[in-house]
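Enquirer: Structure incoming, see below.
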Amino acid sequence: MLHHHCRRNPELQEELQIQAAVAAGDVHTVRKMLEQGYSPNGRDANGWTLLHFSAARGKERCVRVFLEHGADPTVKDLIGGFTALHYAAMHGRARIARLMLESEYRSDIINAKSNDGWTPLHVAAHYGRDSFVRLLLEFKAEVDPLSDKGTTPLQLAIIRERSSCVKILLDHNANIDIQNGFLLRYAVIKSNHSYCRMFLQRGADTDLGRLEDGQTPLHLSALRDDVLCARMLYNYGADTNTRNYEGQTPLAVSISISGSSRPCLDFLQEVTRQPRNLQDLCRIKIRQCIGLQNLKLLDELPIAKVMKDYLKHKFDDI
């Protein structure tokens, strides 16, 4: 029946023929049909052009031919408003992406947003395509674009536990304190101590509270009775006297759960009773003065290595 329908509809027959050629990587047939006048910008029922199709299938040579014959990479499909670059990001097709990014359309596609406000960088971070993330940033993609829900690529990488993408984005100065400190609080809530340590080492603000209740990372550590997180936060300068919207300090939160002895409660009682020593106060202040984006330059300071290591918290017993 389909064959009969195709015979009566030559346009559909041509569409299926060129799609089959792309799927098979038959560049000769693709080129021949384009030279005979077939448009590379025709769209199927899903709004896909041949560029969408070949990018998703990983057919690099076909992508090159389509671009040579005027394919438009700015076209968005009808599924989610995705460009061919979004699909290349989804499947990690970095070589194909480079072809599109080296075209005259680069500025129009590199930060193009889907119907949900996702850029190709959102997609690459979500799927953990670290080489693709690097490529987009090499071509100067915006590092902190916001989706319609206010989410950045870094947040997606954290939630999906894409560690390599997280590090790459942070190395390119992604905002570690986005959404009033979401990342550090998320790491605490998930008891992800490696992320928690990474964010603190890179200068995350320890005292930013949730907008809905004012709970800081230290409050959340108390709620979870996570003494390791609490120690890390305290060592990096978390204020034990910060209050949530109910007027509770982290210690008060810990006591409200249970007054009986527990590791986190015992620790909070200990550090709340006595002030920080001058040495630790100096470290906290120096790191603040150096600033978030310059902490990675600590090694360039004209000071003794032991001081650099101290500023990096290398002697912490956690």
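Glycine too: its Cβ is placed from the backbone N, Cα and C atoms.
Features from Swiss-Prot:
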REPEAT    13-42  repeat 'ANK 1'
REPEAT    46-75  repeat 'ANK 2'
REPEAT    80-109  repeat 'ANK 3'
REPEAT    116-145  repeat 'ANK 4'
REPEAT    149-178  repeat 'ANK 5'
REPEAT    180-208  repeat 'ANK 6'
REPEAT    213-242  repeat 'ANK 7'
DOMAIN    265-318  domain 'SOCS box'
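What does the local environment look like for each feature on the list?
Expert: Same-chain residues lying 6 or more positions outside the repeat 'ANK 1' (13-42) and placing a CB less than 8 Å from one of its CB atoms are 6-7, 49-51, 53-54, 57, 59, 61-62, 65-66, 69-72, 75.
Residues 18-19, 22-23, 25, 27, 30-31, 34-35, 40, 82-85, 87-88, 90-91, 93, 95-96, 99-100, 103, 105, 108-109, 112 of the same chain lie 6 or more positions beyond the ends of the repeat 'ANK 2' (46-75) yet place their CB under 8 Å from a CB of it.
Below 8 angstroms of C-beta separation, residues 49, 51-52, 54-56, 58, 60, 63-64, 67, 72-74, 115-116, 118, 120-121, 123-124, 127, 129, 131-132, 135-136, 139 of the same chain, each at least six residues beyond the ends of the repeat 'ANK 3' (80-109), sit close to that stretch.
Note on the repeat 'ANK 4' (116-145): residues 80-83, 85-86, 88-90, 92-94, 97-98, 101, 106, 109-110, 151-154, 156-157, 160, 162, 164-165, 168-169, 172-175, 178 of its chain, located 6 or more positions outside it, place their CB under 8 angstroms from a CB of the stretch.
On the 0 to 100 pLDDT scale, the model's mean across the repeat 'ANK 5' (149-178) is 96.
Under 8 Å from some Cβ of the repeat 'ANK 7' (213-242) lie the Cβ atoms of residues 181, 184-185, 188-189, 191, 193, 196-197, 200, 206-207, 248-251, 253-254, 257, 262-268, 271-272, 280, 284, 287-288, 313, 316, 318, all in the same chain and six or more residues away from its ends.
Broken down with DSSP, the domain 'SOCS box' (265-318) shows 38 helix, 0 strand, 16 coil.
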Enquirer: What residues elsewhere in the chain lie close to the repeat 'ANK 6' (180-208), defined as a C-beta under 8 angstroms and at least 6 residues from its ends?
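Expert: Contacts with the repeat 'ANK 6' (180-208): 154-155, 158-159, 166-167, 170, 215-218, 220-221, 224, 226, 228-229, 232-233, 236-239, 242, 287, 291-292, 295-296, 312-313, 318.
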